[in-house]
Amino acid sequence: MASQQQLSAIKGARVLMVGAGGIGCELLKTLALSGFQDIHIIDMDTIEVSNLNRQFLFRQSHVGQSKAKVAREAVLKFRPHIKITPYHANVKDPDFNVDFFKQFNVVLNGLDNLDARRHVNRLCLAAEVPLVESGTTGFLGQVTVHVKGRTECYECQPKPAPKTYPVCTITSTPSKFVHCIVWAKDLLFAKLFGDKNQENDLNVHSTDAASSSEQAEDAFERRKDEDIEQYGRRIYDHVFGYNIEVALSNEETWKNRNRPRPVYSRDVMLNGLAQQNGNIFGATDDPSSVSAMASLGMKNPQDIWSLMENSRIFLEAFKLFFVKREKEFGNLTFDKDDQLAVEFVTAAANIRASSFGIPLHSLFEAKGIAGNIVHAVATTNAIIAGLIVIEAIKVLQNDTNNYRMTYCLEHPTRKMLLMPVEPFEPNKSCYVCSETPLTLEINTHRAKLRDFAEKIVKAKLGMYFPLIMHGSALLYEVGDDLDEDMVANYAANLEKVLCELPSPITSGTTITVEDLKQELTCNINIKHREEFDEEKEPDGMLLSGWTQSSSVEKDDNKSIDNGGSTSNASQTVPVDSEKNDEMGSVSSGKKRKLSEVPDAAAQDFSSVADSDGSRNHKKLELVDDDDDLLMLDADPGINKKKRLQ
C-alpha cells in the first residue's frame, strides 16, 4: 500500500510521457492504476499491425490511428475521471520547448531512438525537470534516473555508434548475410525507388556503354519503349550478373577469397518471367499491403526460398512497385512494416548471397536483420514500466537517497532478475550538462562549413537548429525569422572552406555552437590536421574530449566504458557472475563496488542508433526504428559502465 505522502505526491503530479509504444502502453496503464491524475503523452506514430502483439491498448480497428490518442481513449474506459492529454506530434517540434517542459514535475521516456532521447534529455536539463529514462531489448531492460546536478545526464556517457560497414565490403566483397541486406536496402532499393539525387555507390554503368564515354548509359534509367518486365530483367542482370563480372576482373581481390558467381535471369528463370498465382492488383487499396508473395501464392515467411523463388519474388516485387506505387518513387525509404519493400530486399539480398556463397535466409529472418529487430517481450515492457513508476514516485517525493538505476536481466544472478544500482554522479567531461569544451581535428584548408554543420553539429552533437559563431562573428544560423539577405549569406558561408570564411577558422581557434531550442551551448577547439584514414575516419574529421571520467575509487582502477567498447572494458567485469564472490543484493543505503555490478546489469540498453537519416557515403549503417526495440549490435555484451562517487 502506498503511504499518504506517496498518494499526495502522485495525485498532485503533472507527468509527461514521451512515447506510447510497447513501454508507453504499459506505462500509461500503470500510471493510471497507480493514481496519477494528470498525464500528458507525446507520440508521432500511428498504429501498425506489427504493434498489436504487445501494445495491448490497441486493436485491429485502430490501425492507422494516432498512438497517443487511442492510448488515451483506451485508458479512460477504465479510469474515466483522470485527465490524459495526447499530442500526435514529434517531441522535437517547436511547440515542445523548454517552457512546455517546465510545467511538469517529471518526464518519463519510452522512446525508440537516440536522437529523440538526447533532445528530451537536453530540454529536461534546461527546464530542470527530472527525467526517468528506459529501454528494453528482448528479455533485457533498464530504467535510469537523471536529475540535474545530482546524477549523470543521459549523455554523460558516449553512446555506441550505429553499426557501420565499409562501402567497399558492401559493394565488392560481402562475407555475411547482413552485408547483402545493407546492399539491398541502402543501395539497390534506394537507387531504384528513393531519392535519385542522393549519392549512391552502386555501379550504374551499362554493359552497352563504352567505358571511355562521358555519356555512358545509366543502367538504372528506364529506356524508351521498355516494358516493366524487360526493365526488371535488365536490372537483375546488371546488378547480379554484370556487376559481379566487373568485380571478378580485379584478380588481386580474389587471391585469398572465394570467387563469386555471376547470376543472370536467363539461368534461373526457366519458364519466362514469374508466373503469378493470383491478382497482382490485390484486394486492398493500401499500397503498403501489396505483396509479391501473395501474388505468387507463397505464404510462409519462414520458408527459405530457392534461388529461382528469390528471383521470382524479386521480379514480381519490382513489377508491383511500378504497377501500384510508382507515385511514391523518389520519396520511398525502406520500412520494415512495408511488406513489398521487405520482400524486395529479402529476395535481392538472397540472390546476392547465393552469388557469394553466403547461406540464404527466410523473409522472417531477413526482416529482423533489415529492421534491426530484437523481438519484443511484452513482460519485459511491463516490468520496466512498473520500475519507471517506482522511480517517478521517488522523484516526486525528492527521495534522492533511494534513486536507483535498475537492470532487468535475462538470467538470474544470485537469484536476482532485477539488479538495482545507485546512480552515477555527473560526468565532469560531459559537454551537455558540464559544458566541457570539445576538440575537433579537421582539415581547415579543405573542409567546408557545410561539412562541419552536417557531420558534427547535426550528426554528432544532435543540434538541428544551430547557431555557429567564431568570436563575435555569426557564421550560420537556422530560423524562421531570418530575412532573405541573411539566408543567402549563411547559404554562401556553408559552401566556403573553413579558413576562407569571413571570420576564418584555423588551427587554435574556438567555435561556439548553440541550439536555442535546447538551450544548449558547446565550445569546440579547432585543431588543423592534413590527412585522415578513409576507413577509420570516413568523415574526414575527428571529434574528441567527450570521454568517460576516470574512477576516483583508489582501490579500483578498472575502467568500464558506456560508449565505444574497448578490450580493457570487456575484461573488467566477469562474464560468469556466479564466480563473483562479492555479488549480492543491493542495500538501499550502501554503495556497491564496481565488481558487484554484473556484466548484464552494467549494459546500457537505451543506447541506440540515430534515426535522423544522416549517412556518410563511405560507410553504411544499420539503425533501429522499432517502437520499443533497442538493437544491441551483434554481440549483446556491449559497453559497460564505471561507477563514480
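Note that the numbers count up from 1, one per residue, in the order the chain is shown.
Cβ coordinates come from backbone N, Cα and C, glycine included.
As recorded in TrEMBL, the features of this protein are as follows:
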- Cys168: active site, glycyl thioester intermediate (ACT_SITE)
- 19-24, Asp43, 51-54, Lys67, 112-117: ATP binding site (BINDING)
- Cys153, Cys156, Cys430, Cys433: Zn(2+) binding site (BINDING)
- 612-622: compositional bias 'Basic and acidic residues' (COMPBIAS)
- 5-431: domain 'THIF-type NAD/FAD binding fold' (DOMAIN)
- 328-367: domain 'Ubiquitin-activating enzyme SCCH' (DOMAIN)
- 440-532: domain 'Ubiquitin/SUMO-activating enzyme ubiquitin-like' (DOMAIN)
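The Cβ neighbour count for Asp43 (ATP binding site), using a 10 Å radius and every protein chain shown, is 27. The separation of Gly22 (ATP binding site) from Cys168 (active site, glycyl thioester intermediate), Cα to Cα, is 37 Å. In the domain 'Ubiquitin/SUMO-activating enzyme ubiquitin-like' (440-532), the DSSP tally of helix, strand and coil residues is 24 helix, 30 strand, 39 coil. Counting residues 6+ beyond its ends, the domain 'Ubiquitin-activating enzyme SCCH' (328-367) has Cβ neighbours under 8 Å at 48-50, 174-177, 179-181, 183-186, 188-190, 193-196, 236, 239-240, 244, 258, 260-263, 287-293, 301-305, 307, 310-311, 313-314, 317-318, 320-321, 373, 613, 625-626 in the same chain. Spatially, by CA atoms, the binding-site residues Gly19, Asn53, Asp115 include one closest to Cys153 (Zn(2+) binding site), and that is Asp115. Same-chain neighbours of the Zn(2+) site beyond Cys153, Cys156, Cys430, Cys433, judged by a C-beta within 8 angstroms of the site's C-beta center, are, in sequence order, Leu125, Glu152, Tyr154, Glu155, Pro426, Asn427, Val432, Ser434. Within 10 Å of the C-beta atom of Cys153 (Zn(2+) binding site) sit 23 other C-beta atoms, taking all shown protein chains into account. With the fewest other C-beta atoms within 10 Å around its C-beta, Cys168 stands out among the recorded positions Cys156, Cys168, Cys430, Cys433.
Broken down by DSSP into helix, strand and coil, the domain 'Ubiquitin-activating enzyme SCCH' (328-367) contains 23 helix, 0 strand, 17 coil. Using a 10 Å radius centred on the Cβ of Asp112 (ATP binding site) and all shown protein chains, the other Cβ atoms total 25.
The binding-site residues recorded for this entry are Cys156, Cys430, Cys433, and the Cα of Cys156 lies nearest to that of Asp112 (ATP binding site).
Counting Cβ atoms from all protein chains shown, Asn53 (ATP binding site) has 11 others lying within 10 Å of its own Cβ. The closest partner of Gly22 (ATP binding site) among the binding-site residues, by CA position, is Cys156; the full candidate set was Cys156, Cys430, Cys433.
Between the alpha carbons (Cα) of Cys430 (Zn(2+) binding site) and Asp115 (ATP binding site) lies a span of roughly 17 Å. Restricting the average to the domain 'Ubiquitin/SUMO-activating enzyme ubiquitin-like' (440-532) gives a pLDDT of 91.
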